[in-house]
Amino acid sequence: MRVVADFVHFANPIMLKLLIDFVSDRHAPIAYGVAIAIGMFAFSEVRSLLFNHFFTVMITTSVQVQTVLTNAVYAKALRLSAAARNNRTVGAIVNLMAIDIEKICQVMPITQHYWSSPLQLTIAMCLLWWTIGPSAIAGIAVMLLMVPVNYFSSVRIKNWQVEQMKVKDERTKICNEVLNGIKLIKLYAWEEAFEEKINALREQEVQFLRRIGLLGRIVDAGNAAAPFVVAVASFSLFVLSDDAHVLTPQIAFVCLTIFNQIRQPMRIVAMLINMTVQAIVSNKRLKEFMSAEERVGIDYETPVANNALEMRNASWAWKSGQTDLKTLSFSASTGSLTAIVGAVGAGKSSLLSAIIGEMELQQGSIALNGRIAYVPQQAWLLNATVRENVLFGREYQEHLYNQITTACELLADFAILPDGDATPVGENGVSLSGGQKARICLARALYQECDIYLLDDPLSAVDAHVGEAIYEQVLGREGLLRHRTRLLVTHGLQYTKQAENVLVLREGAIIQQGSYDELEQAPGVFKDLLTEKARDEAQPATSSSSDESSDGKGDKETTLTSSRRSESSRRSGREKQAKLPSLPDKNLEAVEVGKVKLDVWCSLIRAATYRYCIPFIAFYVAHFGFQVARNLWLSNWSDASANKTSVSHDDDIGKRLGVYTALGLMEVTAICGAFHFLVLACQQASLNLHGPMLRAILRSPMHFFDTTPIGRILNRLSRELDVIDVMIPINVRQLVNNMLQVVAIVIVISYSTPLFIAAIIPLTALYVFLLKLYMPTARQLRRLESTARSPILSIFAESIHGVTSIRAYDKIDSSCRSFEVHVDKFAKTRYFLMVVNRFLGIYLELFGNFVVLFAALFAVISSRFLSASPGLIGLSVSYALTITEMMNMAIRMMSEMETNAVSVERVQEYTKSDGEAPWKSPLPPPEEWPVSPTIDCHELSLRYRTGLPLVLRVVDARIRAGEKVAIVGRTGSGKSSLTLALFRMVEPAEGSVVIDGIDTSRIGLHELRRKLAIIPQEPVLFSGSLRFNLDPFEQCTDEQLWRTLELCQLKDFVSSCPEQLSYPIAEGGKNISVGQKQLLCLARVLLRRAKVLVLDEATASVDILTDSLVQTVVREQFAGATVIAIAHRLNTVAGYDRIMVLEKGRIVEFDTPSRLLADRNSRYSRMLEKSKRAENRRK
């Protein structure tokens, strides 16, 4: 089909020769000329229909390939080994899906040009030989000369693109980390440091794009000049090689038509080389990813009778060449409880990872009998409803579900969630507290009804009495799992008393094991831990547990987790359990409708700057001016030659050839200038669109991140920017080129055959009608395509973060099927968009073929009734033969430009989003502020957004300078909200927060937040050096850093690393333990030397010794500071000056521990009593 279309394409030069012969022969019948005109139309239309059908087949294949590759990358990502995952960041894998697959699929529809373009060029050369004989050799030589130029240029471009993609991967990775850790970044006022880091990477990326663009445009200019150079070479050799050679209109314009027709394959070759280079780079990256090491399933042996799990002399490693767990030997009998304890970094979590096959077994053996359920230390949730997270793909069984949610203390949470268990949890469980997430993960494990349960410290994120209740109802002797094998990693030594076996780990080895009673009597690490625990419990104040509900069931609230819950919409969980609606996503991405607004186009031009746009247009106009002048000169030359019997009669041949060459050289110079300014304009636009968007994102308030999926934002920062970087420059160049070409064609045809002007008006009306019919549909499909892409990236990133859980539950296949549903939705919109493009192509080419018909018919009429010269007729029709392609491309590029401008629109959408308060104020506070860190809350009321209920209600309190205050209260009581107000993460609805006499609402956010410090419950680290994670602004000396690390007992760890302070922290800090992350967070606040410190469940994920260390360091290093603690461990508020009890957003008690305990009816006393009763039940 394509071969036939290519041959038919070159029928028109032959028909043109026949038409010029007809014009030259005054005696030929007019019917013959009309037949030639109809024949030109017929050949053009046949070629159009064949080509569009062929292209439809190719785009269908392209969509299929994209679907297959996207699904394959997702499936591969879920099967990567731990070592392979460590070598690939989430950002790099997201780029594979968002960009690399796209580049491969972009080249798919034009792959046939690998043979089609050479075929067309061969046919063209044959026709040239037929027309001018051996003189065509000069043209062939020029064409062959372009081959090595294109080849070496493509090699250089390929190398640059490899480097550019590396930088893009790094930028996407950092963006992903920033979005995941945005809360901590805002709390620490680190936005500018990360903005600078991302912008620096973006500038590197754009520099590579500039090099690629400049070299690519040089190649494009060479390819654009090729037809002219071929013409000069061929015509020069033709007229100078033999005096008998006369450049008649038949020869000149048949050759000119051939030269014009080889522009397209030459342009396609240039574009194909560029796109192929990009596809080769992307294909290499995909091949490397797809050939990466996969997790090898463990060949589990069968344990001896009555044992569910055995490990014999097993050594494990996260990657080859090292040993992380050494010669482990232990067994767990069916239905037993095994507790695993040890200091931070001892290897407790790694042991569980080894059992589920995440680590490499180096020696020894493991025996297993039954299915495994796994609860990770850091809770992972799907962006779905609470119930869907618990079910995790299993059928809903009401009795089992109710039993499990009751045991996991979730009913009280269902009562306060807006839609009970049908409430969407948001991305990363953003709408839930840390304790709620942990308990949902535990409920998920229970609902799978497995045989062996691996539990990685799931009770650390909940209040003491809630943890005790869950332990009894789930893990204890009468719990739901009493007949199941349980391995529990814990820092709570009280949970080890009922364990049949206790494993004590240190540096990846089991140094003690036995029952609680045995280890309690034996000297060693376990006894030391018990001694430390007893010492802490002997301190005066003993609890800050929350009075979550009247029956003691509930959960603490993780601070800084926005509580966007309407009081009026709270319903009981049991009422919701009767329903199981598949709720629509409440955060579906808004889709713009209608035309791309004028402001978007203006913003694109402003981003590219007028100093580059105006010269670009001017040079392009000059380029076509010289082109038209060159061809008019050729028309005059051929007419003059046709009137001579021999070229020797023409004494001006040197002048004519010289002028023709000079005009052509000016044409080439102009196009080079245009391409140069285009590259500069595009580079400037890339920087100017990215910078404000990034700053606007970083300046967005927290509720923006709470309600916007990370994948949606990443789509703007990756795919949409890639369209701006790559596709829009191509669109602009081709649009301007084709529009000016159409104008030039119309001018030339109208000048040559004035009758054609009569056809312009109806043809223009047809084009406008078609454009109005097509553009709204294509534009909206492009928006839908972009919108359909965002969930793919969100789900992909979500699955990468939770890959361990997905594999542990053997949910890879079901996850892939769920992912494929979203990919299919995207593929549908993509396919419809491309098919609509084919619709446009068929009708555009039909109208263009009518232009050819009218131009040829008017040429026939003009030659008989207006005495038009053969030269002008030849020029007119040769130009008309190109208008189909030019008009087609012009309107197509106009459409693509508008559809791709949707990317600019979506970038601008974030650029114009509402930001939080200014980072800096015109009148900043004194540098030494706060001198006396007294905190006053004056009638403070707070709501998260307009229209939502108050979460703090008229709070009046004073925390004196240097005072240590603990805040307690049930979930939703306002603990988090008070901390949010302190950091101005949410602005007060009424009232104020005053620190040392200054109203915090009157100063900049950074001026406030840099004077405060916080240790969050969930530690966040970023890829980069350890130094960057501690001091991103490089304000501290090495001595200060080492001193701080020593205080946090991290000096030995850092000293043992070859890189020391430059030790590379992996993405998300996955190369160090959670406890070590928390100690690094402690080091951060020590370096800040803030006079106000907030502890947000700071020791929830560390052992008792590390907990004691943190408390000691805080007590000693922040002796004169004001400390506010939200904690649930019994010993963490010991010695605090006052306790603040919150309930329903109000302060109900605020006094010293001794006074509160003296009143047996106080809420704090009742909390303590419940905690003691829970502890007694454990003994």
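Placement of Cβ uses the backbone N, Cα and C atoms for every residue, glycine included.
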Of the residue ranges 720-740, 867-887, 1119-1139, the one that TrEMBL records as transmembrane segment: 867-887
Annotated stretches the transmembrane segment (867-887) and the transmembrane segment (742-774) touching (3 or more Cβ pairs under 8 Å): yes
For the transmembrane segment (742-774), distant same-chain residues with Cβ under 8 A (at least six beyond the ends): 624, 627-628, 631-632, 635, 836, 839-840, 843-844, 847, 850-851, 854-855, 858-859, 861-862, 866, 868, 872-873, 875-876, 879-880, 882-883, 886-887, 890-891, 894-895
Contacting positions for the transmembrane segment (840-861) when only residues 6+ beyond its ends and CB under 8 Å are counted: 12, 19, 22-23, 30, 33-34, 36-38, 40-41, 44-45, 48-49, 52, 55, 749, 752-753, 755-756, 759, 763, 766-767, 770, 774, 778, 868, 873, 876-877, 879-881, 883-885, 887-888, 891-892, 895
